[in-house]
């Protein structure tokens, strides 16, 4: 019997379309003799849909028409303990269950998908799922939290200042002064918890800094300002595995049309007329393998594996690095716990095809579920039966104070 894999994609973040591309690539790559892929599309208004219609990338050009033919569903645990997709609304007569799934494969980039929210839902359902767990997803998504964890583990990260938008509104000049004193110019302003280069800008002076912060605040309430490396090379490395065993992919150098890698650079091959958005991250202009010395290659791969395991990751992630070519220093820039196109193109040069990659990811998810099933999460006791009726009105230990 085939393993039924629910592939979740779409979502409410600004990376919605990228998620669709990544998911359809992964579904096409799955071993159809071993797995039955069940597409589960999450619309921008948070409704869930399934159906064969969702497998056609061309259908998304007319989204209203697509969703009118797809089946709207909700997900629940059945009385038998199976995870099912139930028609929404539930029909009074006829078939109520649209599909069942054995394992979840989330390919929802960005907010509410890559940040631990969806993973927490799967945990609540006791459903095995591909990729990072709640904590590692949340830590990887929040660039400030990630930097704090990595710096505490002595991994190299750029100096930074972070703050909330409410702090900026209350006293922007105090924050500006702190940035100028600690970092100087130029700096990079980023939303702390978004990906795909959304809301990121360079600032070379106070006016540009204020403008960049105001733009980033349109996307998030938590902001990060980093020291900018001017003579830099940007390289990425993917890591596959879990807390026990990991392997690093070949390294890519990402080519960009401007100083900062833009959304168009990532997903439209530099944004030119020949860019192909339907290829996702695969269309990015890049050099594989990156032209690095043996020392830098080894350093980047080891830092990538360390980052992955320190954050407690599982499945496949992509770690992005900045190399300061003037100082000859490598910095961990960020981690993508559900990378665009699942970084399959970084594994192919070493002979690991996309079908093999998806198989390993699903098997890692099932392995984690088996291990967690062995853990004790509750104690077989009834606190209420051990407490007297009088004690329930008193202090925590069930006794009353005597006057």
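Every residue, even glycine, has its Cβ placed from backbone N, Cα and C.
Straight from TrEMBL, the features:
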- 15: active site (ACT_SITE)
- 196: active site (ACT_SITE)
- 341: active site (ACT_SITE)
- 320, 334: Mg(2+) 1 binding site (BINDING)
- 334, 336: Mg(2+) 2 binding site (BINDING)
- 147-366: domain 'ATP-grasp' (DOMAIN)
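In the three-state DSSP scheme, residue 15 (active site) is classed as coil.
Counting other CB atoms no more than 10 Å from each candidate's CB, the recorded positions 15, 320, 334 peak at 15.
Proximity note: of the listed recorded positions (15, 336, 341), 336 have a CA within 10 Å of the CA of residue 320 (Mg(2+) 1 binding site), given in sequence order.
Counting only the Cα atoms, the space from residue 334 (Mg(2+) 1 binding site) to residue 15 (active site) is about 17 angstrom.
The Cβ of residue 341 (active site) has 22 neighbouring Cβ atoms from other residues within 10 Å, across all protein chains displayed. Note on the domain 'ATP-grasp' (147-366): its mean pLDDT in the predicted model is 90.
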